[in-house]
Amino acid sequence: MITSVYAKIEYVTNTKMLFVANNWGYWVNVKPNSGFSRTDNNVLVFLHELTFLAQNNAINKELYAFKSLKEKEWFKALLTINGIGPKTAMNVMVNKQEEVLTLIKNNDLNGLLRLENINKKVATMLLASDIASKHYLKNQIVVSDKVEPQIDDDEKIDDSKDLNDDELLSEIVIEAIDCLISLGYKQEQIKTALAEIDLKNESINDSADLVAVIIKQIGLRTSEVS
């Protein structure tokens, strides 16, 4: 699971971007006016992966790219709001995070409606949430953007430089649980399945792998009961 890379931007539009890192090309989603440019070389890109179930029951993944960790955490926080998906979250992020949070905290509907890309439906969902007061917003989103040390273009990107194995595994589990809940699985089902799975299994490399294993385990338990 890649959380950040140093990359060369090859192509960027208002919603999509192609970048190259370690001779691999990545086609990712970006917010409007993302701040990325084709002139960017060896720029740090923060990534968030979303896993979803396609119509043919295949598990698909999409990558979302951000200029800072603060942006990435803001995106993840917006996705916790009922009714807000990745496209809407990206559109909300065109506006300054602090301004959006202040308007939500003040219950200012008219103020939200004056912002770009926020209609009455989205504004109502924002106001109905408790996003402005959640603990993780204070501790994760409102952080200073620090300058990261530059590395050579040909240096191999390895997530283990920043996260140890247990931290990576914890993030994989959290993302897998979020995905399964969004697919309609109950927390008790997920918890029971997790207790029966060897999380150190080499076949589990990312959240998509874990989602597939948990779904299979839930299916086995269901067939045993029936």
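Each Cβ is built from the backbone N, Cα and C atoms, and glycine gets one as well.
Features as listed in Swiss-Prot:
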type	residues	note
REGION	1-67	region 'Domain I'
REGION	68-145	region 'Domain II'
REGION	146-167	region 'Flexible linker'
REGION	168-226	region 'Domain III'
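Across the region 'Domain III' (168-226), DSSP helix (H, G, I), strand (E, B) and coil residues number 43 helix, 0 strand, 16 coil.
Helix, strand and coil counts from DSSP across the region 'Domain I' (1-67) read 0 helix, 40 strand, 27 coil.
Broken down by DSSP into helix, strand and coil, the region 'Domain II' (68-145) contains 47 helix, 0 strand, 31 coil.
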